[in-house]
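Q: Got a structure for you, written out below as structure tokens; questions coming shortly.
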Amino acid sequence: RTCYKTYSDKSKTCPRGEDICYTKTWCDGFCSQRGKRVELGCAATCPKVKTGVEIKCCSTDYCNPFPVWNPR
């Protein structure tokens, strides 16, 4: 599996057994100015997240691009 790892669309071949790509987003103290924090990566299973954290998991190559931010 090949997943995006950074906002600049750098992709990475995932380690063996990590066949899920994910995009995790959440707000911090600068959310209103900078938008949500974003983490992209690979995992063996879709990661569990805390309240206030959104996650999208997918299982095809390049399926987790950096999300588009729409300023308010």
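For all residues, glycine too, the Cβ spot is worked out from N, Cα and C.
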Q: Among CYS27, CYS31, CYS42, CYS46, which cysteine is annotated in Swiss-Prot as forming a disulphide with CYS14?
A: CYS42
Q: Name the residue from CYS3, CYS46, CYS57 that Swiss-Prot records as disulfide-bonded to CYS21.
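A: So the cysteine that Swiss-Prot bonds to CYS21 would be CYS3.
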Q: Quick check for you: of the disulfide-bonded residues CYS27, CYS31, CYS63, which have their Cα within 10 Å of the Cα of CYS42 (disulfide bond)?
A: none
Q: CYS27 (disulfide bond): which of the disulfide-bonded residues CYS3, CYS57, CYS58 is the nearest Cα neighbour?
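A: That would be CYS57, nearest by Cα distance.
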Q: For CYS58 (disulfide bond), which of the listed disulfide-bonded residues (CYS14, CYS21, CYS31) have their CA atom within 10 A of its CA?
A: CYS21
